[in-house]
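*Asks:* Straight from Swiss-Prot, here's the annotation block:
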{"type": "BINDING", "residues": "GLY69, PHE74, VAL119, GLN120, ARG134", "note": "S-adenosyl-L-methionine binding site"}
Amino acid sequence: MIFKDYDFLQNYDLKNFEEKVKIYKELLSKFNRIHNLTHLKNIDENIFDSIKILDFYDFSKAKNIADIGSGAGFPAVFLAFLLQGNFHLFEPNPKKAAFLRTLKIECELSNLHIYKEKVQEYQNIFKADIITSRALMDVKPLLEICKNLKDENTVFILWKGSEIYQELENIKDYEIFENNLRKYCILK
């Protein structure tokens with residue numbers, strides 16, 4: 001995938017991003033052979049899906065971004081490749097957390113922090129400016145398990161499918177941006 005062709009990425013260091021993406025793909029391939037981290041067929045498509053939110057939302061003021069259920073790193077790892085904020089990834093699966101820790105070392109990502117625990121068990125030392133999650137669970141339970149990380153200024157950014165409209169019943173302050181079948185939901 002040629003990232004320089006996308007206008008919303010013009011203000012980022014794409015050479016560094018593409019180098020880190022290459023490391024990511026090599027490491028994922030290596031780990032996937034042993035640990036079966038993901039069944040994704042088109043990694044580039046999922047990387048693009050992870051960073052497309054930058055076309056809709058400005059992360060520049062966010063100091064602490066928490067990602068819930070980080071799995072193989074979508075979307076947080078790719079945002080961390082591009083952005084300066086501190087990314088706190090919560091992934092209780094030991095194999096996936098080990099992959100993320102190895103990736104942090106290999107890509108020299110000092111802004112990436114990996115927590116091998118469920119977010120609801122985390123004794124917080126920070127409040128997140130932004131909380132991200134990609135298709136982990138319905139909105140209301142997600143809001144509940146993140147209560148230790150949020151305050152009145154926290155914004156949730158969720159990567160969802162068409163079911164998002166039913167999940168937002170009785171929730172008032174949100175925006176949805178669409179890219180093909182993906183719905184990017186921003187809850188304020």
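Backbone N, Cα and C atoms are what each Cβ position is placed from, and that goes for glycine too.
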*Asks:* For ARG134 (S-adenosyl-L-methionine binding site), which DSSP three-state class applies?
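*Replies:* DSSP assigns ARG134 (S-adenosyl-L-methionine binding site) to strand.
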*Asks:* Greatest CA-CA distance (Å) over the residues GLY69, PHE74, VAL119, GLN120, ARG134 that the record ties to S-adenosyl-L-methionine?
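*Replies:* Overall maximum Cα spacing for these binding residues reaches 20 Å.
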